[in-house]
Every structure is written in C-alpha cells, then in structure tokens.
Amino acid sequence: MSEEQILNTHNASILLSAANKSHYPQDDLPEIALAGRSNVGKSSFINTILGRKSLARTSSKPGKTQLLNFFNVDDKLRLVDVPGYGYAKVSKAERARWGKMIEEYLTTRQNLRAVVSLVDFRHEPSQDDIQMYEFLKYYEIPVIIVATKADKVPRGRWNKHESMVKKSLNFDQTDAFIIFSSVERIGIDESWDTILEYL
C-alpha cells in the first residue's frame, strides 16, 4: 500500500509555530520531527516529500527556522521542523535557547514517534550531527538518517560516502539510512515507507 492510499500527502499545511510546550498542538496526532544542521535541506525535504514548492520556506541563509514549526499532513500526521543547529552566527544565548527548546520537545513530547535526522551526504557528519544522533540513541528515540544533497555526489561514490557517514555516526544498523535528493527526487518513497512504519 502506498503512502497516497494511507494519507493524502498533498493535503498539507503549516499548522502553527511554537517556542515551548504550552504552544504545542493539544491532541494525540503522531508526530515525526526533523532535525539537522542549518542549511542541510530540511525545508527542501519537507517540500519535496509533500509535493509542494514552498510550504516550508527554504533559505540560503542558515538559522532561518527559530521555532518548532508544526505541519499538518492530511489530519493524520504532523511533521515538526526544529531549529537547525550548528549555526555559528547566532549568539550563545540564542543557541542555548534553541537547544533547550529542541531538548524539551524531543524528551517530553508524547506524540513524537521518530526523528528524521538529516545529514549532508557530501561531507563527514559534524560534531553536532554526531551529538544529535547520540542524544537520540541515549533517549531511545527512533531515528531515521536521511542523507541529503545526494545529487552533488557522483553515484559511483555513494557507497564510499554512505560508509563514511555511518562510520562517523557509529551507526546502528537497525536504524534506517536513506539517500535523498530534492533536486533529483531520490528517496521520496523510501522516506514515506519508513515514516509510515512509525504511525
């Protein structure tokens, strides 16, 4: 059964933005969070898997997402875009606030089913990427690794880059690893198949 038969992925809208739990939606709809470095392509990932051009605002300027953005998908699922980490031009105080906001959501939200952790397929994961993965594993939060910008890596080097990313993360082979490109539309079905396993 395809994701379209289970939910209409094109029936999506931004629901609200929240700074803390008092602003979270008050229902039991399952949520999948999206985490990753600033400019890793979270907004492009959201727009691509939902078949929309600008539902999530993309920006070449890192640090654009400053709140938890909740996207309603067919009244059956929410995608939650959390602020990108690792953006150096944000003040320490602002980084600390973002960190607290993300940690509060990830560790206390009952609706959370899994986290899509996005990494840049072109490069070795950053220390922030590694810490995020370790954080999710420590709290036993199901994690899906999505390696973005695969179109920038020649296909003949994909195996090498996948091995590099997995080795750096000390990757748990029971977790999903998806190679993704919003430009070439690679990994969309695999992303949905994996997300739907957690609903």
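Residue numbers in this text run from 1 along the chain shown.
Glycine is treated like the rest: Cβ placed from N, Cα and C.
Summarising the annotation, Swiss-Prot assigns domain 'EngB-type G' to 28-199.
Taken from Swiss-Prot, the feature GTP binding site covers 36-43, 63-67, 81-84, 148-151, 180-182. Neighbours of Lys149 (GTP binding site), defined as other CB atoms within 10 A of its CB across all chains, total 20. In this structure, Lys149 (GTP binding site) belongs to neither helix nor strand by DSSP; it is coil.
Just so you know, the Cβ of Ser43 (Mg(2+) binding site) picks up 22 other Cβ atoms within 10 Å once every protein chain is counted. Annotation source Swiss-Prot lists Mg(2+) binding site at Ser43, Thr65.
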Integer Cα-Cα distance in angstrom, Pro83 (GTP binding site) to Ser43 (Mg(2+) binding site): 11
Cβ packing number for Lys42 (GTP binding site), 10 Å threshold: 27
Of Gly36, Asn39, Pro83 (the binding-site residues), the residue whose Cβ has the fewest other Cβ atoms within 10 Å: Asn39
Other CB atoms, at most 10 A from the CB of Leu67 (GTP binding site): 16
